[in-house]
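Data first, discussion second: the structure below is written as structure tokens.
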Amino acid sequence: IQRVSLDIARWDLQCELNNTHHRTDLNGVDRLIVRRGQPFTVNLQLHSGVYQPGASPHPSDQYGTRASFDLSANIDTSCWSAAVTGPPGNMVALSICSPPDAPIGRYTLTLGHSGRFEFILLFNPWCPGDAVYMDNEESLKEYVLCQDGIIFRGNYKLPLPTPWNFGQFETGILDACLRILDMNPKYLRNPGKDCSGRRNPIYVCRVLSAMVNCNDDQGVLLGKWTDDYEGGVSPMSWKGSVEILQNWDRNACQPVRYGQCWVFAAVACSVSRALGIPCRVVTNYLSAHDTNANLVIERYINEDGQPIRSRDMIWNYHCWVESWMTRPDLKSGFDGWQASDPTPQEKSEGVYCCGPIPVKAIKEGELMIKYDAPFVFAEVNADVVTFMQKKDGNTEKVTAATLVGQKISTKNVGNDKREDITHLYKYPEGSAEEREAFKKANHQNKLLQQQENQGLHLTIKVTSEMRKGCDFDVYAVVTNNTPSEKKCRLVFGSTSVSYNGVLGENCGFKDLLNVELQPGGVPLRLNYSKYGGALTEDNLIRLAALLIDYTTRDITLAVRNIVLENPEIKVRILGEPKENRKLAAELTLQNPLPEPLESCCFSIEGANLTGGRVLTERLDSVVGPGEHVKAKIYFTPTHFGLRKLVVDFNSNKLCHVKGYRNVIIGK
């Protein structure tokens, strides 16, 4: 509570003016929402007489979440202060400013004995004194103000852009975000201490990392990594964060079912941007999940080359968030992007959360720096050791070239292209700097690793056109680098796989006891009739080739995941795109499968386009092979500017195909 001494009859909070100046007007202008370290102005009508400025201000006392202060001659942006900015009289323009390190959240301001109003205070990345200050206007537009974006999925050979509606300024979302802070166990145990901690973005990021999942608390999302989504919906069905946050807020903080890594990361990004912390979603391809902190992923396969499940995993991709802030709690050099991960994987200080850890610390191998550096370092740098578990119980080491931490990706500033940020996490492979980072991290496996000159080299090659519904060949290519002829056994198989590495059904298999080394490779035919019913919603197939040299008994493994592309959704906007003018989205998709589609459904969502709702059109018709399915959905944009309309198509055989269209809305 803040108090200034005035005898007030009425006041005008000038919400539209203040919110616009503080870049919070997209939240609405019906209440006061301001950013810390920046003055805002209220107009006061005094009861009687006129205001005369006093001779000297009283000193300001600060008590964390409560501050008392009197009028000053001028605004002091380093502390809570107030000053009259208009001429003396019975109409007073009062300028008020918070310090740039004030706790964020809801405030009540008491003016004298008769005036009291509420406002919301947010982080201010435009204020040089704020810990989240970012000195780049285009980056601020992207990482704070932009309400939509792209999350990269697919695989590292084919990163696929998935549109997402962050929707941080949609109606009710800011209130839901503040409620997340108020439902966290630290607040429930000690509200005063928790609210005081909200001055620090490091603290807030760590709270959000725990609260976006519900493993220890009344968090937002329940994770599920199987195909049974009873009691909820598939994580693939979500197109944005708005519906998730609204559902959580409206249903007494019961967890929303279900999420997976990109959903957890996207919701965390929405909440961070809503609170004023610059934030972006990051995808790490071939992401290691190291459960015992030894920086080594130990993988076991059977004699057919198929993995035997273990706690250590390599995910096809994994998403987390980066938030921009200073780190005064650490030695110098670690300000900037901080990685945190809301997907519940391992506990940190007894809670399922991860980070924030400076991205720079991961690159330099500084694993003693807070928070959770070893886990994130392993995600991008772990070594992989593969063993074959034989039927007699013995194990044998397998030669396998396995990459970890590839094509670390995020959306580019100002456009929908992919920005590769791998260089922010790791030095070039084989460089002296990389070796130095491994020394700091005590990554002995990587330091001792030597490139073996294999006598037999095994790779998997694929064709360029691998689309869902088609039959196609993949190839195991064996190269003999020795002067002698080789007799070998080749096992070449394929299985469906989820993005986090869990295997599904067989999609094609061959076992050649005496393989002939062919220049073009040994083909394996993948038929839709075989793989179509086995695929998960991720559209991923794991190819594994196992080569056994009869002479030396050496075992070589090659693994490659392929992603089958979905058909394109064509989006046409009908009507002149202007504020508050009804438009139509004409949506068209061609059935690529050799079987009919039934129970077809299109849905759309977009910040300031669909009123914070998902709009759906269900179709009764059966769509035959090669035929087009078409729908028209009406929507009314509420704000001008560049907006992203996110589209989803779902049916009995083609699940959650994503598309989008950027729309420029005029005034």
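Any Cβ shown, glycine's included, is placed from N, Cα and C.
Per TrEMBL, the features are:
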| type | residues | note |
| --- | --- | --- |
| DOMAIN | 253-344 | domain 'Transglutaminase-like' |
| ACT_SITE | CYS261 | active site |
| ACT_SITE | HIS318 | active site |
| ACT_SITE | ASP341 | active site |
| BINDING | ASN381, ASP383, GLU429, GLU434 | Ca(2+) binding site |
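Annotated features taken from TrEMBL, shown on the structure.
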residue : record              : Cβ contacts under 8 Å, 6 or more apart
CYS261  : active site         : TRP315, TYR317, HIS318, CYS319, TRP320, THR343, TYR499, ASN500
ASP341  : active site         : SER209, PHE264, ALA265, TRP320, VAL321, CYS353, CYS354, GLY355, VAL376
GLU429  : Ca(2+) binding site : none
GLU434  : Ca(2+) binding site : LYS426, TYR427, PRO428
Within 10 A of the CB of HIS318 (active site), the number of other CB atoms across every chain shown is 26
